[in-house]
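Asks: Provided herewith is a single structure, encoded as structure tokens, for subsequent inquiry.
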Amino acid sequence: MAAAETAKHTYVYDFAEGNKDLKDLLGGKGANLAEMTNLGLPVPPGFTITTEACQAYLATGEQPAGLAEQIDTHLAALEATRGKRLGDPADPLLVSVRSGAKFSMPGMMETVLNVGLNDESVAGLSAQAGGNDRFAWDSYRRLIQMFGKTVCEVPGEEFEHALDEAKRAKGTGNDLDLDADDLRALVGTYKKIFSKHTGREFPQDPREQLDLAIRAVFDSWNADRAVLYRRQERIPADLGTAVNVVAMVFGNLGSDSGTGVAFTRDPATGAQGIYGDYLANAQGEDVVAGIRNTVPLQELERIDKRSYDELLRIMATLEGHYRDLCDIEFTIERGKLWMLQTRVGKRTAAAAFIIAAQLVDEGIIDLDEALHRVTGAQLAQLMFPRFDLGGAPEVLAKGVGASPGAAVGKAVFDSQRAVELAKQGEPVILVRRETNPDDLPGMIAAQGILTSRGGKTSHAAVVARGMGKTCVCGADSLEVDVRGGQFTVGGHTVREGDMISVDGTTGCVYRDKVQVQPSAVVRYFEGDVTPETTEDPLVAAVHRIMSHADAARRLRVRTNADTGPDAARARRFGAEGIGLCRTEHMFLGDRRELVERLILARTDEERQAALAALLPLQRADFVEIFREMDGLPVTVRLIDPPLHEFLPPLEELAVNVAVAQARGEDAAKDEALLAAVRRMHEQNPMLGLRGVRLGLVIPGLFAMQVRAIAEAAAERARDGGDPRPEIMVPLVGAVQELETVRAEAEKIIAEVRREQSVEILIGTMIEVPRAALTAGQIAEAAQFFSFGTNDLTQMGWGFSRDDVEGAFFWRYLELGIFGISPFESIDREGVGRLVRIAVDEGRAARPGLKVGVCGEHGGDPESVHFFHEVGLDYVSCSPFRVPVARLEAGRAAVESAGSDSR
Ligand code: PEP
Ligand code: MG
């Protein structure tokens, strides 16, 4: 306990004291610097101030007690190691102060280099660099610039402007042409800018510089752009950042110095090799700023073979140690290589699969680990069609890839126009500055959506994702002129009707029509290619990892399908049955007329006649589906949605009747229909006459459906098939509802069974909160449960599912009320709690009760993990998401097995 107490108050760790598993405390950068230090790699010495110190500072506005002393101690140790004192006029130690949170937030927070320089130590630095005055004054001006901007909020443009002026005066465009005198003069100008904005002189005390820089890094955690980034990436707001204080090494000391970045494998394709860039005589910020062109890393072999060879050795060590692709930042100071950073590198979705499979082949990781390293989101990305970039299409702009896919169409600038053109069969891309609920019809009509403002949580992004529509947001180089019906970008004008192509995965916007390629991964799932018939390493990698996921998972994966072709496709994608066959659509089209007759029936005979006409049609539907899913369970849900959806809209009918009456025509049929529509009109149809309520109110409706299912199964069995029907009753809230339906259904099944024996289960959806809360009672009457998490979310939150995503979810996401729509990913605490209660109480009442889920969440990666945890038997999702669910079910199984054994 005493040790834990002390550890809690340790706010500063030397690099030699940390390791890569301490990311929570030391941030990603600090933890990895520690790991490299302990591997004996050449890391400049330094120390890390913990995220706990940052949290304490952000909570109180004061540095926590003890922090200043601990910094003193570690700084003294650093000075001793380097044999120099911070800012010593004769021989200064300089340090960099760098942020580093647990999760990488590229470019979001702050860094200050060259801390420790002042009017005196600049001379000492020059002496250290062998009398290189130019270098010393350049370093000083960089400090004032970075410190001014980061720590004291001096507008960065003022410094840039002064630098440009100095170059102009010298008649050059290149920083390197400025000599020591120019830079000394520039330092004078910079200091004036600094004091004009801050009302004080540039701090000359090195320790004050250090303290202010540390504080600024802490504060940068709450800078607007960092807050926004965290919200978009769903990084918790309370983690705080660590601060790394590192002895400076210089890549800008001459041609024997330089800086670079490297990957141990190609992060785009996963191919093994040396990938990276090098820039001689430069510091890291020059690479980022793109001031001069880098050279491929291979060139370093020619420039400095010793450093190159050492770098390759280190890269191999890091890959072996991290057992993964690493990315690296390094600096060479006068022929001496220094490692400034490493981390497990980001990669494309395809590379994630390929690298994981490669590492298995190389014996570095096992298949469980490979499965852990890929995600369903990556697999989903690989299943979208992609643009064929072979012809190097012209990129007009780049925004945020907000909803994946490749969309091609004519640019249109207002919603109504999008609808008009789409009606004429034209593909369109709706281009707006930003969207609002009025744009919904246009968004629905468009192939894709492009906005110049907003990010991943903007209205356009949220709604497009909900619709599964391609969307690029925040392409801020576009000047969108909605009135003028055009946008301009980099001198180009795109007018209404011009073709554009948008890539919702990469955020790229292309001029003209770019060819779309089908996904190799989908072709694999379709059975068009196999690892044996293609050289594509992606297909082999996906095959290998999917096979392992299938072997590992405990959850079965079914599909939501209500036609034969959908069922067949889902089966090819690996579906192990149908978890939801919605029967509503079977009543549309030319059958609508029969449904109208059923609803309007005034006598039993009329109703029976309508039902008798529907029966053979329904039976034929089920025969086809049972055939496609032969040998696998098929859950057929009795009709669910509100009846008004089957009748003409009230306004339209009223107009027809009025017109007919005015003309003196016979409107008897429409009048009867209008009366019925009026009678059935509901203010809130989603909470009205739906589901089981409908079955109990319209005599014979459910009975007809049950008979169609039983007879179809009997027909299949007679023909040698193996049908496995399950009848599911929707929207049950009380066991009595289910009992009533079940009693009638069992009678019909028994009648059919007299001729042909087929086993048929009867179960219920759990989608009304009351059903979840009384699941113990309901389980007495149900042979299975299937969670309808769409309705359970709607009714659990009181959110109208058809309205809220377009109306206000973007605002909820912006405010961080939730990080993702609860219709997209299960709300674990609320709706998830209802699920848990129902599973536990249902199984307590009926041990071994089969339980699945058929709401949209069944195909959402995060939610699949939740359903694994609560012990469901299966998830069911749309055919296209079946592979994603299989993969995530496998990941959930290996991850929970891993944590059980820990
Ligand atoms: C559900 O509510 O989750 C469900 C699957 O049913 P539907 O979406 O058809 O209401
Ligand atoms: Mg439902």
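Here the Cβ of each residue, glycine as well, is placed from N, Cα and C on the backbone.
Nobody curates TrEMBL annotations by hand; they come from automatic prediction.
This is the feature table in TrEMBL:
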ACT_SITE  His459  active site, tele-phosphohistidine intermediate
ACT_SITE  Cys854  active site, proton donor
BINDING   Arg582, Arg637, Glu767, Gly788, Thr789, Asn790, Asp791  substrate binding site
BINDING   Glu767, Asp791  Mg(2+) binding site
DOMAIN    67-293  domain 'Pyruvate phosphate dikinase AMP/ATP-binding'
DOMAIN    300-350  domain 'Pyruvate phosphate dikinase AMP/ATP-binding'
DOMAIN    426-507  domain 'PEP-utilising enzyme mobile'
DOMAIN    543-890  domain 'PEP-utilising enzyme C-terminal'
Asks: Which recorded positions are spatial neighbours of His459 (active site, tele-phosphohistidine intermediate) here, meaning Cα within 10 Å, out of Arg582, Asn790, Cys854?
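Replies: Correct set: empty; none qualify.
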Asks: If you count Cβ atoms within 10 Å of each one, which of the binding-site residues Glu767, Asp791 comes out on top?
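Replies: Its Cβ has the most other Cβ atoms within 10 Å: Glu767.
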Asks: From the recorded positions listed here (His459, Arg637, Asn790, Asp791, Cys854), select those whose CB sits under 6 A from an atom of ligand 2.
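Replies: Near ligand 2, sequence order: Asn790, Asp791.
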Asks: Just to be sure I understand the packing, how many Cβ atoms besides its own are within 10 Å of the Cβ of Arg637 (substrate binding site)?
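Replies: Counting Cβ neighbours of Arg637 (substrate binding site) within 10 Å gives 27.
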Asks: Which value does the mean pLDDT take for the domain 'Pyruvate phosphate dikinase AMP/ATP-binding' (67-293) in this predicted structure?
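Replies: Per the prediction, mean pLDDT sits at 90 for the domain 'Pyruvate phosphate dikinase AMP/ATP-binding' (67-293).
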Asks: Under 6 Å from ligand 1 by C-beta, which of these recorded positions make it: His459, Glu767, Gly788, Asn790, Asp791, Cys854? Sequence order, please.
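Replies: From His459, Glu767, Gly788, Asn790, Asp791, Cys854, counting a Cβ under 6 Å from ligand 1 as near, the near ones are Glu767, Gly788, Asn790, Asp791, Cys854.
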Asks: Sort out for me which one of His459, Arg582 has the most neighbouring CB atoms within 10 A, since those are the recorded positions we care about.
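Replies: Most Cβ neighbours within 10 Å: His459.
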Asks: Need the DSSP three-state call for Thr789 (substrate binding site) to compare against my parser.
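Replies: The three-state answer is helix.
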Asks: When a 10 Å sphere is centred on the Cβ of Gly788 (substrate binding site), how many other Cβ atoms does it contain?
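Replies: Cβ-Cβ neighbours of Gly788 (substrate binding site) within 10 Å number 29.
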Asks: What is the separation, in Å, between the Cα atoms of Gly788 (substrate binding site) and Cys854 (active site, proton donor)?
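Replies: Rounded to the nearest whole number, the Cα-Cα distance is 6 Å.
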Asks: Give the residue from the binding-site residues Thr789, Asn790 that has the most other Cβ atoms within 10 Å of its Cβ, counting over every protein chain displayed.
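Replies: In terms of Cβ crowding, the pick is Thr789.
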Asks: Could you list the residues of the same chain, at least six apart in sequence, whose Cβ is under 8 A from the Cβ of Cys854 (active site, proton donor)?
Replies: Arg558, Asn560, Gly579, Leu580, Thr635, Met765, Ser786, Phe787, Gly788, Ser876
Asks: Does DSSP put Arg582 (substrate binding site) in a helix, in a strand, or in coil?
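Replies: Reduced to three states, the DSSP call for Arg582 (substrate binding site) is strand.
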Asks: Helix, strand or coil: which one is Arg637 (substrate binding site) in, per DSSP?
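Replies: DSSP assigns Arg637 (substrate binding site) to strand.
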